[in-house]
Amino acid sequence: MGDSASEQTWLTLRVIHQKRAHHLWTPVVFQAAWRMPGQYLVILHQDTHESQVQRTIRRLRARAARRGHPVQVLHTYSGALQGFLVQMSREALQLAVTLPHVHFIEEDSYIFAQSAPWNLQRLLQPYGGMAEVYLMDGSIQSSHREVEGRVLITDFNNVPEEDGVRVRKQASQCDSHGTHLAGVVIGSDSGVARGAGVNLVRVLNCQGKGTVSGALAGMEYIRVTLQARPVDALVVLLPFIGGFSRSLNAACRDLVSHGAVVIAAAGNHRDDACLYSPASEPEVITVGAVNSADQLMSQGAGGSNYGRCVDVFAPGDDIVSASSDCSTCFTSRSGTSQAAAHAAGIAAIILSSNQNVSPVQVLQMMLHYSISNTINLLPLPETLRLPTPNLVAELTPPSPSLADRGLLCRSVWSERSGRGRGDMAASRCRQGEQMMSCSSVAPDGAGVGEFISVSSATHSAPPRRPLNLPCVYRCALVAWSASPTMVRQVKACHSFPGCTAHSPAELLLDSRPHPKHRRRCTAREDVTSQAVCCHAPSLECRLLETVSLDTDQVELSCLSGWTLTDCKAITEGSTVVEPVATGNSCLIRGAAGGNRIAGVAACCRVTPERDPETKAN
């Protein structure tokens with residue numbers, strides 16, 4: 001997109017909760033020009049019946065009319081969200097606050113496009129024929145030779161008017177962004193998934209500009225279409241960003257829960273991706289951009305967004321693909337939109353080779369085949385450096401199979417908690433993942449106590465006893481001696497719960513909740529929590545341990561075929577230690593000249609299938 005990461009303004013958008021009639025004010029980062037004053041999304045409670053939408057509209061109109069306040073309802077939502085889009089004055093807004101069934105109200109805002117060469121050197125195989133990609137963008141020149149015969153222009157169209165009175169709505173300008181991205185995803189020469197098809201849902205105008213309300217309507221259109229005609233291999237590509245939007249994130253989350261692989265651009269503002277939507281939604285695959293040297297893309301004052309909300313990076317700088325200037329033209333563009341299009345193509349290939357896999361399995365496979373530790377993250381702000389994934393997406397093997405991938409795990413970071421008593425930081429695994437590790441890191445590097453809990457319940461203290469699992473590991477610390485060692489009590493089994501440190505000086509028993517529940521890793525007071533989340537159908541695990549005798553650093557690495565699922569550190573004194581899981585290694589740093597450090601790492605793998613004759617014996 002053309003907007004740079006210029007000066008941003010903190011605006012306070014009013015989000016109204018009906019619970020106990022409390023009003024919650026939520027700060028959201030927007031550039032002032034992104035706002036749409038006087039236009040609001042009124043979202044009702046999730047369990048509200050569809051008929052209540054019209055009843056709420058009638059009540060609002062009646063109350064506003066009695067007081068002389070104009071109200072114009074522009075759109076209603078009855079899919080992922082129940083609610084409506086309305087233009088009204090601030091006085092009418094105050095009336096809407098008091099209506100029954102209203103969950104929250106959000107000011108509408110703009111979203112923006114984020115706009116074989118080097119990027120295809122790793123992406124050479126024409127696959128993806130079983131997948132459909134829904135591209136939410138502007139227009140596509142469907143007659144271009146790169147995509148001809150594989151693009152469906154749907155009848156959905158929800159875009160704002162172009163800015164200015166002299167906007168030239170030439171077809172080539174309106175089609176430029178969408179045509180280029182379609183070429184990256186499915187282009188015959190420049191595409192990743194050359195056998196896939198693209199369905200265009202138009203939510204951006206000729207200037208690459210749309211609205212949150214229009215994007216919500218577009219997602220509702222996709223949802224209704226899929227109900228009428230289900231698709232096994234579905235990718236939804238969102239090559240745009242706006243300010244943080246609770247409603248937009250919720251709609252993305254709903255698509256994922258219905259089996260869609262949703263891929264979003266991280267944004268081109270050289271900023272924390274968690275400040276923007278849909279990039280901040282944990283259930284979508286958020287993609288940042290790198291250049292041909294596998295370094296973060298830079299665009300003048302802007303560049304690729306980063307941080308814990310980014311899942312992976314992909315080629316996004318100087319990408320050659322289809323141009324809308326003519327049916328045989330090509331052009332070069334840069335942006336996290338192009339990076340997200342690469343990831344969408346890879347997802348299409350994975351889905352074509354593995355029917356009925358879940359969105360989280362697609363993410364895990366994408367990360368598994370990514371190139372690691374090539375990006376220089378030192379220029380990033382210190383607080384965002386560690387949570388930013390050092391992974392660049394690469395094409396999977398010709399027929400990527402879940403049976404070939406071993407144990408798939410990823411690190412998940414929380415935002416930093418507040419400093420108040422009782423403040424917590426929580427890392428959450430996605431649907432279909434098991435939480436295998438839970439750690440906390442404070443500004444001084446110390447572990448301050450953490451625990452695993454079920455996301456649907458709130459625990460104010462660590463579990464007192466193991467839950468009803470077939471077996472769990474117990475980790476215990478033996479007193480330091482002249483020859484310090486670590487021992488453990490282990491009961492043979494094929495599941496590993498994670499061994500959780502509740503203070504820098506001990507390891508305590510911990511256990512996982514029932515595998516059907518999602519979990520969260522919770523830590524307290526001015527810390528960041530890190531969880532290791534795995535797709536784990538059947539496991540066997542081993543513990544690695546070592547003690548530093550004359551160094552302030554310890555590293556433990558899992559063998560080939562095994563995956564690191566937990567990383568813990570213990571010191572014989574009060575020395576600050578900082579255990580961090582990086583890739584397949586557990587790195588533990590202590591204070592220079594401090595006491596000795598012990599490291600414990602858990603390495604797991606999917607239990608290998610036995611030979612039929614062996615099973616019989």
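From the backbone N, Cα and C atoms, a Cβ is placed for every residue, glycine too.
Here TrEMBL flags Asp137, His177, Ser337 as active site, charge relay system. Positions annotated as domain 'Inhibitor I9' by TrEMBL: 44-110. Taken from TrEMBL, the feature domain 'Peptidase S8/S53' applies to 136-369. Taken from TrEMBL, the feature domain 'Proprotein convertase subtilisin/kexin type 9 C-terminal' applies to 403-456, 535-606.
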Between Ser337 (active site, charge relay system) and His177 (active site, charge relay system), the C-alpha gap once rounded to whole angstrom:
9
Write down the Cα-Cα distance for Asp137 (active site, charge relay system) and His177 (active site, charge relay system), rounded and given in Å.
8
Across all protein chains in the structure, which of the active-site residues Asp137, His177, Ser337 has the highest Cβ count within 10 Å?
Ser337
To what whole number does the mean pLDDT across the domain 'Inhibitor I9' (44-110) round?
93
Going by DSSP, how much of the domain 'Inhibitor I9' (44-110) is helix, how much is strand and how much is coil, in residues?
24 helix, 25 strand, 18 coil
